[in-house]
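Worksheet for the structure shown next.
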Amino acid sequence: EVPADAVTESDPTAVALKYHRNAAESERVAAARPGLPPEEQHCENCQFMLPDQGADEWRGCSLFPGKLINLNGWCASWTLRAG
């Protein structure tokens, strides 16, 4: 179930960052970022994901204040989380 405070893919910031809830539907192959192969890039291993906000498959993201992103998502700002 999608939480009411989840980022929608039509959100202006989401559009600008090419965010998709399902990384497999994103442009991550064409716009892959350094750190991991494109197929391994998703919100769950991104430095912008906020692990203490949200629950289940949904977490906070510093790029979308006050909203939740899907851990299986991807956006063009993906950056490998340290550690």
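Keep in mind that glycine also has a Cβ here, set from the backbone N, Cα and C atoms.
Residues or ranges marked as [4Fe-4S] cluster binding site by Swiss-Prot on the basis of similarity to another entry: Cys43, Cys46, Cys61, Cys75. Within the same chain, residues at least 6 positions away in sequence whose Cβ sits under 8 Å from that of Cys75 ([4Fe-4S] cluster binding site) are Ala14, Leu17, Lys18, Tyr19, His20, Ser26, Cys43, Leu63.
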Query raised in the report: What is the Cβ neighbour count of Cys46 ([4Fe-4S] cluster binding site) at a 10 Å cut-off, with all protein chains included?
Result: 24
Query raised in the report: Within 10 Å of the Cβ of Cys43 ([4Fe-4S] cluster binding site), how many other Cβ atoms can be counted across all chains shown?
Result: 25
Query - Distant-in-sequence Cβ neighbours of Cys61 ([4Fe-4S] cluster binding site), under 8 Å, six or more positions away - result: Val7, Cys43, Cys46, Phe48, Met49, Leu50, Lys67, Leu68, Ile69
